[in-house]
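Step one of this worksheet: look at the structure below.
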Amino acid sequence: MTVARTRGFPAGAPSCTSPQAALRSISSQSKAEPTLLGSLHPLLLLHSSAPRSHLSMPSIYTLDQFFLQGREDTMRCSRERLLVLVVLGLWATCSRVAEGGTKLPLNGLVLHYYSKNTQCTEAETLITRAVRKAWQKDPSIAPALLRLLYSDCFTRGCDASILLDGKGSEKEAPQNAGLRGFDVIDAIKHELESKCLGVVSCADILHLATRDAVALAGGWKYPVFTGRRDGNESDAKTVDLPPPSISWDAALSYFESRGLDVLDLGTLLGAHTMGVTHCRYVHDRIYNFNDTGLPDDLMDCRFARQLAKTCPYRYAPDQPDPTVFLNPHSGGNFTFESSYYSRVLDNQAVLGIDQQFVTSKDGVRIAGEYASDFDDFNRYFALAISRMGSIGVLTGSQGEIRRSCRFTNAHHPKSK
């Protein structure tokens, strides 16, 4: 019998078994390897007991060392849970990916750079205070800063090039439409410059402010390695950020091109646990996925109907593009939580890339681990965002310390 379809939905009661069955199939394949933990556990114990005499000035941090060094913050590492995360990394698609997922290249960055190496010893405290003030006025600053940081690091590296004004700058790239948080960074920079001129980089301000915003939203206040300097170039043509409809394999290739891996991908996507997106980015998933005239078959059809109430099939040309929460569970509270992963596993992700988790055995295992243990998500998010934060950094005599985050020193209005 042929079932008539209207606006991407069946005329009768929707059948929601297909995506769930697919997920169960992938999950059952993952569960078919019960000896994995047992076979790797002795190796991991050996790794955990390795000498740490070199912790003072490492060039690469292992997963253990990273959290051992950052213990003065809110982190209290459980050895058993830490091993689970290392197992997750070692299980990944290939040994190179797993190896990368448990190490942090510092690229010249250090902890507490400003308190140890400059006269601006209260820089991090001042940034924390300013972010708290901004967050109390608008908690959506947390996802805004996370997106700003991602947009910066994945283009030219973490050099604050996204903050530069000017015709044809990265800000004007279509992928960066709707970026927010510039005013918060500007305010912090202005206050720091009034207290310690030309010391704290815009790049470090962005990283520290994002960390503090995540902590205020409910995440951990993870350690941030600092000492970055600011870049002098910003070109919209260099922005190659992928669309939210990208496939899992294409997204993984993109991350690997930046020196990251499958575990970083699965973890950093967890930033979508808060924030909003416009309906234009999910319209095809609701009504015409891959030009089929049907919804995305990976999306729970009841959730598709729910989205359709906010994102209509058609609306007037002069009507603003509506927005939907990336994670309806956290919604307007903009809280950092692991419910995002539960929704992914229930086929209730908003963006196409988020639902792509269930197309990969790696993705299902990562999502399952984080959905069941918020501490594990927090722990590995800290490492993954720090690994991202080491991409293309400028240190030493490279780059500069801008007087204003919106201008290079050579183009600063007061220098003319």
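Note: Cβ is positioned from N, Cα and C throughout, glycine not excepted.
All TrEMBL annotations are machine predictions without curation.
These figures come from a predicted structure and were not determined experimentally.
Record features (TrEMBL):
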- D152, G157, D159, S161, E170: Ca(2+) 1 binding site (BINDING)
- P242: substrate binding site (BINDING)
- H272: heme b binding site (BINDING)
- T273: Ca(2+) 2 binding site (BINDING)
- C120-C196: disulfide bond (DISULFID)
- C153-C158: disulfide bond (DISULFID)
- C202-C405: disulfide bond (DISULFID)
- C279-C311: disulfide bond (DISULFID)
- 108-409: domain 'Plant heme peroxidase family profile' (DOMAIN)
- R147: site 'Transition state stabilizer' (SITE)
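Here the features listed in TrEMBL are placed on the structure.
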residue : record                             : CB count, 10 Å
C120    : disulfide bond                     : 18
R147    : site 'Transition state stabilizer' : 20
D152    : Ca(2+) 1 binding site              : 30
C153    : disulfide bond                     : 27
G157    : Ca(2+) 1 binding site              : 20
C158    : disulfide bond                     : 26
E170    : Ca(2+) 1 binding site              : 25
H272    : heme b binding site                : 24
T273    : Ca(2+) 2 binding site              : 28
C279    : disulfide bond                     : 18
Legend entry - Cα-proximity to D152 (Ca(2+) 1 binding site), 10 Å cut-off, over recorded positions C158, C196, C202, T273, C279: C158
Inset, instruction - Measure from the Cα of R147 (site 'Transition state stabilizer') to the Cα of every one of the binding-site residues G157, S161, E170, P242, H272, then give the nearest. - result: H272
Inset, instruction - Check the disulfide-bonded residues C196, C202, C311, C405 for other C-beta atoms within 10 angstroms of each C-beta and report the one with the most. - result: C202
Inset, instruction - Please list residues from the chain of the residue listed as 'substrate binding site' whose Cβ is under 8 angstroms from its Cβ, counting only those at least six apart in sequence. - result: A250, A251, Y254, I353
Legend entry - Chain-internal residues near S161 (Ca(2+) 1 binding site), provided their CB is under 8 angstroms and they sit 6+ positions away: D152, T155, S169, E170, G231, E233, S234
Inset, instruction - List, in sequence order, those binding-site residues among G157, H272, T273 whose Cα sits within 10 Å of the Cα of C405 (disulfide bond). - result: none
Legend entry - Stretch-averaged pLDDT - the domain 'Plant heme peroxidase family profile' (108-409): 95
Inset, instruction - Select the closest residue to C196 (disulfide bond) from the following recorded positions, measuring between CA atoms: C158, D159, H272, C311. - result: D159
Inset, instruction - Under 8 Å Cβ to Cβ from D159 (Ca(2+) 1 binding site), same chain, six or more residues apart: give me those in sequence order, or none if nothing qualifies. - result: D152, A203, R228, R229, D230, G231, G392, V393, L394, G399
